[in-house]
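Working notes, structure below.
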């Protein structure tokens with residue numbers, strides 16, 4: 001499966017026109033930023049303090065599942081600081097010279113945004129350490145016995161790193177971030193507000209009930225909510241005179257095979273495979289990947305997080321296990337052996353703690 005082909009994929013859409021629309025509906029200030037109240041309040045405080053001292057903001061690490069607004073928040077930081085932002089990604093920075101070219105072109109207090117920062121090569125990461133800590137760049141000139149190292153002073157800048165896999169960051173890199181923010185899945189109410197705002201910007205007639213129906217199937221992810229809004233708009237324009245109501249949204253999303261929990265065919269296939277082929281688990285991640293013909297990282301990074309967060313799957317030392325919630329979702333009888341397992345509410349409480 002190609003992840004970008006999923007309607008409820010949290011990764012970026014490859015369609016150029018939709019990317020332009022995405023940029024149009026992104027908030028550009030903390031005042032417009034919806035959800036993540038703790039992150040928003042903290043960043044507002046840190047930014048005001050840095051501006052009051054006429055300093056650059058501390059280096060900031062933003063992590064969390066795809067589609068929650070890490071890139072948007074990085075751009076907001078630059079906007080609120082009144083500086084420019086230069087964006088790149090970890091895989092693009094193949095050589096130290098690639099990073100050096102970006103760093104030497106920064107103005108004082110500018111923001112350098114590195115997406116997928118966990119994918120930086122070790123040799124590039126080594127160059128980043130003194131740049132972050134001392135605002136200096138170590139460059140090797142010459143080769144062989146004539147090679148020598150010189151230090152270039154850099155203007156004070158803010159590195160904003162974004163990652164979906166904070167655990168893959170090396171300790172030396174993680175320790176150099178003064179601000180660390182985790183983005184959580186959004187509530188349905190916040191997503192409904194985001195959908196309504198996007199519809200207003202795009203000029204779409206949308207009822208509050210329609211926005212809520214889209215929001216509750218968006219897997220707690222703004223990027224998915226906006227993508228569903230565009231597909232429901234297509235349905236409404238062809239079959240409902242362009243007006244999006246609750247019933248129109250329901251019909252459109254059912255046609256698109258997105259159920260009331262935000263699951264699509266891939267989610268249901270994963271759960272049913274665990275139930276039917278592995279007796280509910282435990283099952284190892286490699287066996288599960290082979291059974292559904294998926295890459296291991298796709299299951300870990302794309303499919304699992306939301307299913308775990310919603311209490312349909314548990315990770316145990318012996319492997320993945322479905323909860324009774326998964327059996328109930330498909331109308332299946334709960335095995336008697338699951339009577340020994342924690343109920344879903346207790347499991348979710350344990351996750352929250």
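Here the Cβ of each residue, glycine as well, is placed from N, Cα and C on the backbone.
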Residue among 217, 219, 223 sharing the ATP site, where Swiss-Prot lists 25, 26, 67, 70, 71, 72, 133, 134, 135, 176, 186 as binders: 223
Integer Cα-Cα distance in angstrom, residue 135 (ATP binding site) to residue 315 (DNA binding site): 42
Taken over the region 'Head domain (RuvB-H)' (260-353), the model's mean pLDDT: 80
Of 315, 320 (the binding-site residues), the residue whose Cβ has the fewest other Cβ atoms within 10 Å: 315
The region 'Small ATPAse domain (RuvB-S)' (187-257) - residue tally per DSSP class, helix then strand then coil: 52 helix, 2 strand, 17 coil
Pairwise Cα distance for residue 71 (ATP binding site)/residue 296 (DNA binding site) [Å, integer]: 25
